[in-house]
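Chemist: Structure provided below as structure tokens; questions to follow.
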Amino acid sequence: MAPQTETQAKAGFKAGVKDYRLTYYTPDYQVKDTDILAAFRMTPQPGVPPEECGAAVAAESSTGTWTTVWTDGLTSLDRYKGRCYDLEPVAGEDNQYIAYVAYPLDLFEEGSVTNLFTSIVGNVFGFKALRALRLEDLRISVAYCKTFQGAPHGIQVERDKLNKYGRGLLGCTIKPKLGLSAKNYGRAVYECLRGGLDFTKDDENVNSQPFMRWRDRFLFCAEAIYKAQAETGEIKGHYLNATAGTSEEMLKRAVFAKELGVPIIMHDYLTGGFTANTSLAYYCRDNGLLLHIHRAMHAVIDRQRNHGIHFRVLAKALRLSGGDHLHSGTVVGKLEGEREVTLGFVDLMRDAYVEKDRSRGIYFTQDWASLPGVMPVASGGIHVWHMPALVEIFGDDACLQFGGGTLGHPWGNAPGAAANRVALEACTQARNEGRDLAREGGDVIRAACKWSPELAAACEVWKEIKFEFDTVDTL
């Protein structure tokens, strides 16, 4: 019997290490409509050619490994391998490049964000030849989009459920975020909803701690919702956080919320995980619950401009996994959010079709096919003086979330809610009349103060509050 080495030689196998670019750098490749496309910001180690780094990213996130293996001959690498098909230097940076990589559709399990991310943002981010690597954008092909359910309901269905049209929605995160008893928590919920808000929200930190177990919180919040609805004649909701230590416990909390008859629940999709989030989204569609998504942990992943994952990619992942709301930053509050970049991923959340626009950080044209849109949630250090800018920036299909900007009102929670509602309706009316909120917004708010003492008091408290810092992540 011939030695194994002779058999390998006859089959064309040659052991050893060869440059990735010999196999995975293919600048002549014609991208297919079914491909998943990725734009990576690469910082190669000194002395490593960008072509080799781009090819390494394509290889290590698809079929490649560090050495030639004889089992390559048992499959079709041309069919399954990722390809670095283009490189471009990053303007203003000495050693950064955008590497464009195309992945065949068959590399990914249908309907699984978990599998998609395991491949594309897996071990390759620890690759030694790279000093830093950031996933800037993904193009999700229509063929792959059609394997996902997406949002449980979407923007239009939510408006129909709430019977609220023609303005943005108002919310408030209950503060202090930790330490309240369930009864006192429910009292704050009632006061905010009674004062004019559409929603109140569990802070992402609130799960089921010793000071307030989840079942008690759900019961007192449901009581608050029904009382506020009866007194205002409006449909109200509270984002009951179903996030838990296990998927089974998460679904148990969702079931209890459904039994209480509340309209909406909440999940932390990054800390809870994509698999758990997708399971919850399926449950919510089947049972008529809206799903509010918080992005706790996102800044660990997306804030550094040369390493990690840009939030526009995390937003796309959520649109696939499923959620009716997603926190998106504010541009004007205390949390990170550069205007054009924020508007770029807000459009990616809401619109069915978004054209490539590098001025807003959108690297690929994205067609979402029939996936429902996700409502952006603006929250973090915002108050009534920000309302003109928020209405101008986000339009009507957004939820404006005032936590301290409601509960910090000098007269209490209900007046704080009333101040926000008056400010929102005044700005919406002014916009509808053709007024320029960017230029006249302050005048609109001051005019409304004349007939709303609650708004006047809020304006006096927060007239000097600003959060003006340079953004860390810029184009």
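The backbone N, Cα and C atoms fix where each Cβ goes, and this holds for glycine too.
What Swiss-Prot shows for this protein is this:
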type	residues	note
MOD_RES	Pro3	N-acetylproline
MOD_RES	Lys14	N6,N6,N6-trimethyllysine
BINDING	Asn123, Thr173, Lys177, Arg295, His327, Ser379	substrate binding site
ACT_SITE	Lys175	active site, proton acceptor
BINDING	Lys201, Asp203, Glu204	Mg(2+) binding site
MOD_RES	Lys201	N6-carboxylysine
ACT_SITE	His294	active site, proton acceptor
SITE	Lys334	site 'Transition state stabilizer'
Chemist: In the structure shown, which of the recorded positions Lys175, His327 has the fewest other Cβ atoms within 10 Å?
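Modeler: Comparing Cβ neighbours within 10 Å for the recorded positions Lys175, His327, Lys175 has the fewest.
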Chemist: Among the binding-site residues listed here, Asp203, Glu204, whose Cβ has the fewest other Cβ atoms inside 10 Å?
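Modeler: It is Asp203 that, of the binding-site residues Asp203, Glu204, has the fewest other Cβ atoms within 10 Å.
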Chemist: Give the sequence-ordered set of same-chain residues, not counting Lys201, Asp203, Glu204, with Cβ within 8 Å of the centre of the Cβ atoms defining the Mg(2+) site.
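Modeler: So the additional residues around the site are Thr173, Ile174, Lys177, Asp202, Asn205, Val206, Tyr239, Asn241, Met266, His294.
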Chemist: Taking Cα-Cα distance, which of the recorded positions Lys14, Lys175, Glu204, His294 are within 10 Å of His327 (substrate binding site)?
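Modeler: Taking Lys14, Lys175, Glu204, His294 one by one, the ones whose Cα falls within 10 Å of His327 (substrate binding site) are His294.
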Chemist: Among all the protein chains here, how many other CB atoms are within 10 A of the CB of Asn123 (substrate binding site)?
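Modeler: The answer is 10 other Cβ atoms.
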Chemist: Fewest other Cβ atoms within 10 Å: which of the recorded positions Lys177, Lys201, His294, Arg295 wins that one? Let me know.
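Modeler: It is Lys177 that, of the recorded positions Lys177, Lys201, His294, Arg295, has the fewest other Cβ atoms within 10 Å.
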Chemist: May I ask which of the recorded positions Lys201, Asp203, His294 is closest to Asn123 (substrate binding site) if we compare their C-alpha atoms?
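Modeler: Checked the recorded positions Lys201, Asp203, His294; minimum Cα distance to Asn123 (substrate binding site) goes to His294.
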Chemist: Just give me the nearest neighbour of Arg295 (substrate binding site) among the recorded positions Lys14, Lys201, Asp203, Glu204, Cα to Cα.
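Modeler: Comparing Cα positions, the closest of these recorded positions turns out to be Glu204.
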Chemist: When the Cα of His294 (active site, proton acceptor) is compared with the Cα of each of the recorded positions Lys175, Lys177, Lys201, Glu204, Ser379, which one is closest?
Modeler: Glu204
Chemist: Looking only at DSSP and grouping its letters into three states, which state does Glu204 (Mg(2+) binding site) belong to?
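Modeler: DSSP call for Glu204 (Mg(2+) binding site): coil, neither helix nor strand.
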Chemist: By CA distance, which of the binding-site residues (Thr173, Lys177, Ser379) lies nearest to Lys201 (Mg(2+) binding site)?
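Modeler: Nearest listed residue in space: Thr173.
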Chemist: Helix, strand or coil: which one is His327 (substrate binding site) in, per DSSP?
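Modeler: The three-state answer is strand.
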